[in-house]
Structures are given as C-alpha cells and as structure tokens.
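Participant: Sharing the feature lines straight out of TrEMBL:
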type     : residues : note
ACT_SITE : 488      : active site, proton donor/acceptor
DISULFID : 124-148  : disulfide bond
DOMAIN   : 40-162   : domain 'FZ'
DOMAIN   : 189-518  : domain 'Peptidase M14'
SIGNAL   : 1-18     : signal peptide
C-alpha cells in the first residue's frame, strides 16, 4: 500500500514539473520579462544575419536575445526591428545611425563562447540624453528596449560599446579637416506639412531652454497652425520684453516665406547654441513668434499641383512656374485669408472726422460674425488679441517690394490712392529696415515683376499699390498695438528648390535686422501710487492719432522715429501725466520712459456714451459662431478620442501587433 502511494506521488511530481507554468501576463514574455516555455533552449552563438544590423562591429550573435526573441525570424517580425528600419526617416536623419546601432546591439547582442555580451549602459545613457528631444518632437515615447537600466550592463560587468567603431571613424574624419569655426547646417529643400511640424518640434526640443512650440488653432482640414517661440524664458511674457511675430504662407501657393521661416527657426536655435553673440542678444532681449504656415491646407494643394506639373508623363510640364497665381492661394473653404479679416479700415474712414472717435483698438463689428469667417482667420485674431505684439511681418510672394498700411483706399472708388496711417513715418522706417537689408530689394536696377518701385526703392503704401479690404495688416494696426508690414519676396510664388538657398542668403540679414528693429522708440511701465502696474493705460503721442495700451503688468512699447515727442499716459480713474522725450539718431535701443499715475475721482466722459470701446473691444465671437472648430472627436464610449500621431501608420498597417509602447500617453 505504501509502495503504491509512493509510486503515485513520484508520477504526479514528474508530470507536474513537465507542465508549462503559465505565470506570464500577456505581453510580459514578449518584453522578455519571463517565459512560458517549459524547456528553455540553451543559448548558443549563431551568425548575425539581420539586414538592418549587418554593419555591426561583430559577426556573431545569440538567441534567445535580451528581449526573449528565440530566433532570428522572431526578432525580424517584431515592432522593435521595424522601428529600427524606419527610424532614420522618422527622425529626419537625426541621431542616425546611433539609434539603429544601439538598438541592434539589444536585438542581436554580440556572442562570445556561447555567452551574450550586453551593450554598455553608459552608451545608452549618453544616447538618451542627446536624442530624447528628437523623439519628443514627433510625439513618440522613448523605445522600451532602449531602457538603459533593464537591458544594458555596466563597465564593471563587462559590456560592449556599439558606437565605438562609429566614434573612431568620426574622429578620424574630423582630424583630417582643417580647423574652422563651427557653423549652422540647414537642408535647403521643400518640406511637407508633416516634415514642417517635425522640424519645428525637433528644433524646439533641441533648444528647449530658449524655445517651445504651441498651436494657435487648426485649419479647415484639421492641420495645426503651429508657432515656434524664441526667448530666454519661453512660455511667458517678460516685463518690458517686446514681442514680435513673423507669419508665412498666408496664401498657400506663396511658399518661399514659409521655407525662410522654417530655416530661420533652425538658424536661431543652432547659432544660439554655437555662441553667436548677435543671435544670443536678439533672443535674450526679444520674444519672437514664428508662424511658418498660416494656410497649410492651401500649401498641400499647391505642392501637389507642382509635383504633378513636374511629372514627365504629363503633357504640360511647365513645373513650378505653372502654379503661379491661383492653385492653393485660398484655404480649403476657398476663402482668401487676406480678405477675410474684419474691415475696420472702413469703420475708421466713416468716423474719422469725429474728434471723439478713437482710431485704435477699434472693436470688431457684430455683423462680421455672421459672415464666413475662416478658422485660420479666427485663430490668428485670437492670437494677436492674446499677446502684446509690437510689430510683425507677413511674408508673401508675387513681387519684390515691402508694402505697409493702409491697404484699403480712403476713397472706395480709387483702386490706387495713397492712404497713410497716422504712423506713416514709422511704417516707412520699418519697411526701409527690411528692404535696405535685403540683397536686391531696394536697388533701382533690380528686375521687378511688372510693377515699378524704383522711385521708392522697394517700398510702397499698400493702397497706393492696389486697394483691398479685410487685410491682416490693417486689422493688426486698428485693433491692436501691433504694426505689421507685408513682405513680397519675389516674382515666383513657388520657386524651384535650387533657388531656396540663394533666397535664404538674400533674406537672412533682412529678417535679422527686422527682429532687431523692434527695439526702437520708447518703452516703460505705467504704475499707480503704490507701485502696481496699470493694465490698459493709454500711451499717446502728440500729433499722432494712434494710441497704444499697456499690457497685463503695465508695461508698454511705442515704436517712434528719432526726434522730440510729447508722450502722455492716461488711465480711467487716474491722473494724466505728460513727458517731453528726445530720441537721438544714434540710439540703438528703446528709451525708457516710465509713468506714475495718481488715483482721481472718476468723472463721466462723453466718449463713454458716444463712442464706447473698452467693453465692446472684448466682444469676440459673441454668438459662438465658431465653436464647431473646437468640437472634440468623441468615440463610441463617449470619451474624447485620442488622435494618433502621424507616424502610427508605419506600424498599424504592417500586420504586426501595434507598438502602443511608442505612444507617449499610454
């Protein structure tokens, strides 16, 4: 009896030990955390035969690998290997081939005497420090299999540096070059919308101490209107630091400005890091906002037309010149964005003879909201109302000239009529700043595009050139403090790729000079008797019927030309203070003029009854006509659906299990 029980016990023990232990949760075995295999295969060295890893410094590897892949075929079929095969394109060449080489050292580690040699943890940590920004720029999580603590070994444990050979070759190549100053490297090619977003995000991540990106809204077809900002304290307004914006690609088929602004963003980032003192001074004293593409939908159409016209199979192959003037100019709703802003110029002309009517911060008429307002226009209006912009440039194409407000003729029947603003002389100086610093714009012998600007050396009042209503520059001037010029960059709206570098050379100095020119005139703080800044105080210049208002903390900027000016600060419920200011021609930065206003009893003002402005200026989209542009994408469960990043299709359409570990919000 006892012998029979012993036999049964031994049989049970033997069979139970042979049953696979299902202790792994789903996915753990795939990640190499554990194994469901009853019989572990003895690791052994084998030939390294992975296509994207065949250039490693060794020829033999071992399976199972660190991640638990038992065979070469299993490793090749995983999302990890697919990522290594496309990472160069996803990161636009950044951190390449380092990411691939280190990834291969995990997927196919070197093997000696049937034992695995793990890659070095120090190499992984250095790589992660240098390349995290590239992944953040495309909204991709750092790959789990490049976890430096889990899959890598210390020097004391004995490890392999997968980048040792690459570093040796790079050092040898550098030693053969003659010593020279480091310089910025920019790829002068056209960029798709996806590439533009990637470049701007990577640039901001690379220079995160001076830059960040933010979206001001979406286009009609849902594309981001992405802004990159440069300042020494990104993300917030600093007291007395002027804010300037550059806007490109308002018309989708006018693409040179878009490319120049993308190049400018890369240049500012790189040169700041390299120690360029001029660039460091600009960024440390200025808050710069760059909207490279205001009309990404129109660009998409224009770019596709150019691709088609360059196709040798097509009969008509005039290439980039064929696109010239129409395809992609408007947004996806067929709206010309530079005719879509509120026509405040007409409002000004109707009321200009009344001495009580203000010619600045004119409110948006309620009737405007019942028209067709493009989401791109809506986004830019909210943007310019939310920040205290001082000056701006909108980059266009079709001619070679700088135009400045007013763009709408003071006589509606006159197509070409000189129509100056009260800041005519300041606008002319802003226009001159860009035109004179441009390589050819102000030259009388420069070939133009039909129009003649030789008498004015490349600048002109907008309405004198041709009149139109609803423009962005007029809106900036009449609704905010901001003075905006329009930069026409050349005759060809969609120049060939070979022209991009020459155009950058022609415009680089002009762009930098324009950024520096915001430090002109006067700036200061308006405070009360207790030293607190006064918001929305008014700064007036005698003889100039255009006031500016103070920002949240009471600071202000007023662009002025050299000379003597009488400056007055006022605020409701406070005293009025005037100062005489002299600005010499030799001034290289804005003069500081502060004001202290004392509280006084508030008296009824006829302006408040006849021409109310302060309350109506705050009325923006009062009937919520445009909430449709902000409806969240809601799934069947009622929760807002998370939009997958653009690179997700690389994996979701490959037939493998989608790598959710690459999603940052998982």
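Using N, Cα and C of the backbone, Cβ positions are placed for all residues, glycine too.
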Participant: Please report the distance from the Cα of residue 488 (active site, proton donor/acceptor) to the Cα of residue 148 (disulfide bond), rounded to the nearest angstrom.
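Facilitator: With the alpha carbons as reference points, the distance is 51 Å.
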Participant: Using all protein chains shown, find which of the disulfide-bonded residues 124, 148 scores highest when you count other CB atoms within 10 A of its CB.
Facilitator: 124
Participant: Within 10 angstroms of the C-beta of the residue listed as 'active site, proton donor/acceptor', what count of other C-beta atoms is obtained when all protein chains are considered?
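Facilitator: Around the residue listed as 'active site, proton donor/acceptor', other Cβ atoms within 10 Å: 26.
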Participant: Helix, strand, coil residue numbers for the domain 'FZ' (40-162) per DSSP?
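Facilitator: Summed by class, the stretch gives 54 helix, 18 strand, 51 coil.
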